[in-house]
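Report on the following structure.
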Amino acid sequence: MNSQTSKYTKLIKEESKRLGFLSCGISRAEFLEAEAPRLEKWLNANMHGEMRYMENHFDKRLDPTKLVDGSKSVVSLLLNYFPSQTQNTESYKLSKYAYGTDYHFVIKDKLKQLLQFIQDEIGEVSGRAFVDSAPVLDKAWAAKSGLGWIGKHSNLLTQKVGSFYFIAELIIDLELDYDSPTTDHCGSCTACIDACPTEAIVKPYVVDGSKCISYLTIELKDNIPSDFKNKTDDWMFGCDVCQDVCPWNRFSKPHNEPLFNPHPELLEMTKKDWDEITEDTFKKVFKKSAVKRTKFSGLTRNIKFLKD
Ligand code: SF4
Ligand code: SF4
């Protein structure tokens, strides 16, 4: 550890806080040895369903130096999205992360500002920003950097703030001080496994993505298989059950990012309103939202599946 590296590390972490990130952890950019067999096993068991893109770039996914030339550090960042208000209880459910403006835009913007800050304050540093993008194993990097542990539901979680946050990375060619992983605090708890409506958590730490409601309502382009009829627990976009039941999420605190606030009408809507939703209302309540990625046709397909 040299003093200049420590100074740069401190500067970056302080700036990430100023930009509104919950926390920042840093790892050396290197091959993710522990992840390789896990990812291979998961793909071989076809737990990615139709998410074929998961099979691509296997090497790049495990080794950031293959993704970004000359990279030295992976800077992982968390951004809280836990809302202060939730939907009407008489409504079909929408995952909390999708209430407001699409996080890809919000976070990309913050990452750009962070990279610009690094370039202004430190010098000629180059790198790339990633937000929930297929080639980076963001949970593994965040865990390696001490931002939390990967729970039995396969999300990253922390004792202090639970798990309702986005994970993003800057991969840069600057040597920094590196953080160490934290310990696992799931203990004997099995709340997420027991509560999963589709039994997608097939064993602790292994989620069969092809059974997960998030996959069924967002990723799957075909019709939702009839085996899941009456099992998707009124979720019309994503699913928060395994996070909602997690005891560590009692420590979640509301975010302070105005762009993540939902359109006021969205929280009021009841099942009846969703059943009758028009494309105009869709465009209004989901203006700039990640829900637009499924398009009006995708959301109405999901609603129809719940209703019929
Ligand atoms: S998101 Fe929902 S369906 Fe997917 S593993 Fe968690 S509880 Fe199960
Ligand atoms: S619900 Fe329990 S087992 Fe699941 S992630 Fe939270 S602490 Fe771990």
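Placed from the backbone N, Cα and C atoms, the Cβ positions cover glycine too.
TrEMBL annotations: computationally assigned, not manually curated.
Binding site for cob(II)alamin per TrEMBL: ARG61, ASP132, ILE167, SER214, CYS239, ASP240, plus LEU156 from the candidate set LEU156, LEU157, LEU174, LEU176. CYS212 is the residue from CYS186, CYS212 that TrEMBL records in the [4Fe-4S] cluster 2 site together with CYS196, CYS239, CYS242.
Ranked by CA distance from CYS242 ([4Fe-4S] cluster 2 binding site), the recorded positions ASP132, LEU156, CYS192, SER214 have CYS192 at the top as the closest. In the three-state DSSP scheme, ASP240 (cob(II)alamin binding site) falls into the coil class.
Taking LEU156, CYS186, CYS189, CYS192, CYS212, CYS246 as the candidate binding-site residues, the subset whose CB lies under 6 angstroms from any atom of ligand 2 consists of CYS186, CYS189, CYS192, CYS246.
A Cα-Cα distance of 9 Å separates ASP240 (cob(II)alamin binding site) from CYS196 ([4Fe-4S] cluster 2 binding site).
Taking a Cβ cut-off of under 6 Å from any atom of ligand 1, the binding-site residues ARG61, SER214, CYS242 reduce to SER214, CYS242.
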